[in-house]
Amino acid sequence: MKVLWAALLVTFLAGCQAKVEQVVETEPEPELHQQAEWQSGQRWELALGHFWDYLRWVQTLSEQVQEELLSSQVTQELTALMDETMKELKAYKSELEEQLTPVAEETRARLSKELQAAQARLGADMEDVRGRLVQYRGEVQAMLGQSTEELRARLASHLRKLRKRLLRDADDLQKRLAVYQAGAREGAERGVSAIRERLGPLVEQGRVRAATVGSLAGQPLQERAQAWGERLRARMEEMGSRTRDRLDEVKEQVAEVRAKLEEQAQQIRLQAEAFQARLKSWFEPLVEDMQRQWAGLVEKVQAAMGTSAAPVPSDNH
């Protein structure tokens, strides 16, 4: 189960670039053809074969499911896969060294040194892949809510180079192991027979194990993808329900504010009318008094003008 999980987690890296690579021109990947040439049935080689199969499957997943993979658990599972792969590779190397006793010590030391270097390169490639995933997850979280198209394109370019380098180093490691086996044949026929007797059951066991993993891997992964899809749909529905509830609350608050504003406007109108009536009660007596005074003044002026206009009596009479 750990190998299955780890294979899915590693292959997700290429799945992140599926959307970007659909836009650019499709180019043939020669590494897939090389893969078929060097696979000979060893356990670590079969694991790499499943890696490429899962790679194509993960590319069919939706972006939502791919984003679900961007979690700390993914990094932990990927680290577990790397440790398990290197452990099996070291165990296989130890078995070969035990069976190569007829080979000269100098030849064994040289072959062992070359094999360790190839093994270290393969481990560094896997660590680089894990580091790219961690870096990508951090950048995606930092760019939350923004466009990640440029980030996906850059990651796609890095992952393509890493896939080629990983396959190249795995091919080199397979060749080193082949040299080990050739050295056993050159050493003694007895050693070769012992190696074949030991490796035969291991190869068959690896093939059976790979077939079992391949038959059981598809269904759990599909069920997990469906479960993720259902979780995403449930989250979307929950967010929609919360949004609707929030809109209803906002509408109620707006209605309350409107009612308060109308009430305050009515109060202001009443206060204005009361103030107007008060002003009228203050100034009406003054206006009436001024009107009376003005009328009296007009009457006096008219009376004065009438008196001055009367004729003066003549002295002749």
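Quick reminder: no glycine exception, Cβ is built from N, Cα and C everywhere.
For reference, Swiss-Prot has these:
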| type | residues | note |
| --- | --- | --- |
| BINDING | Leu162, Arg163, Lys164, Arg165, Gly229, Glu230, Arg231, Leu232, Arg233, Ala234, Arg235, Met236 | heparin binding site |
| MOD_RES | Met143 | methionine sulfoxide |
| REGION | 80-255 | region '8 X 22 AA approximate tandem repeats' |
| REGION | 158-168 | region 'LDL and other lipoprotein receptors binding' |
| REGION | 210-290 | region 'Lipid-binding and lipoprotein association' |
| REGION | 266-317 | region 'Homooligomerization' |
| REGION | 278-290 | region 'Specificity for association with VLDL' |
| REPEAT | 146-167 | repeat '4' |
| SIGNAL | 1-18 | signal peptide |
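Recorded features from Swiss-Prot, shown on the structure.
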{"residue": "Lys164", "record": "heparin binding site", "Cβ within 10 Å": "15"}
{"residue": "Gly229", "record": "heparin binding site", "Cβ within 10 Å": "15"}
{"residue": "Arg231", "record": "heparin binding site", "Cβ within 10 Å": "13"}
{"residue": "Arg233", "record": "heparin binding site", "Cβ within 10 Å": "11"}
{"residue": "Arg235", "record": "heparin binding site", "Cβ within 10 Å": "11"}
Arithmetic mean of per-residue pLDDT over the region '8 X 22 AA approximate tandem repeats' (80-255): 70
Helix, strand and coil residues within the region 'Lipid-binding and lipoprotein association' (210-290) as assigned by DSSP: 81 helix, 0 strand, 0 coil
Mapped DSSP class for Lys164 (heparin binding site), helix or strand or coil: helix
